[in-house]
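In what follows, a structure is listed as structure tokens, so that the remarks can point back to it.
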Amino acid sequence: MTYTLLDPDELARRAAQVIGERTGILKHDVAVVLGSGWSSAVAALGSSRAVFPQAELPGFITPNAAGHTGELLSVRIGAHRVLVLAGRIHPYEGHDLRHVVHPVRTACAAGARIIVLTNAAGGLRADMAVGQLVLISDHLNLTTRSPLVGTHFVDLTNAYTTRLRKLASDTDPTLTEGVYAAQPGPHYETPAEIRMLRMLGADLVGMSTVHETIAARAAGAEVLGVSLVTNLAAGITGKPLNHAEVLAAGTASANRIGSLLADIIARF
């Protein structure tokens, strides 16, 4: 359901109002966006108070990428009312950035002060393993685009909040941190591009997250970013890359990553 001519903030408020009506909850204080391979983790987050297609909300578009169910769930985790967005849309699907970040803006309008962004990522370090979770410490926005229009000079010094990363690390001390590089996609990177990204300081590479982070920070929310390493990037293993292995890695890790995510959120 799209309303392309409305002010983005007004559209987010309308969608948030519908969420309140559909769930019976006026304020969700945490929101989670589940990326490629993460949707299987929904069951481990807890029982849902309400489940419905995101596309039934004003301004939302059904995701087309495999592994993105396009559902919205309302879940209670500890003391928190949590909005779970199972799947996202991507710029490479042909969508304008205002549509890509609309779910995050809606979550903020629905009361979320913490946004948890998850994704599937290629690991750029040889010591990384498929199935490993990595906390995003910072990002490189190599898409060259921003979801903000106008004089919105948002500070991104602490884009991925140190406080939340510490809470996550306290929950699971084995978690490591890394810099996430966002590429436009949908093609995977070449080995030469991977070598370049490593020289730039990147540890992870993917095709999402950074625009949502910018939108969330502009709305005053804190962000925790978590990448699931679903493959080692081009040129590291010598094997070709494909999306099926991304989904397989997520499915294999579903219960573990879902339970860990719930434990982290309970500490917020």
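Cβ coordinates are placed from backbone N, Cα and C, and glycine is handled just like the others.
Taken from Swiss-Prot, the feature phosphate binding site covers Ser36, His68, Arg88, Ile89, His90, Ala120, Ser208. The number of other Cβ atoms within 10 Å of the Cβ belonging to Ser208 (phosphate binding site), over all protein chains shown, comes to 27.
Per Swiss-Prot, the feature purine D-ribonucleoside binding site maps to Glu189, Asn231; the stated evidence is similarity to another entry. Every protein chain shown contributes to the tally, and the Cβ of Asn231 (purine D-ribonucleoside binding site) ends up with 22 other Cβ atoms within 10 Å.
Packing around Arg88 (phosphate binding site) is summarised by its Cβ count: 27 other Cβ atoms lie within 10 angstroms of its Cβ, all protein chains included. The distance from the Cα of Ser208 (phosphate binding site) to the Cα of Glu189 (purine D-ribonucleoside binding site) comes to 14 Å.
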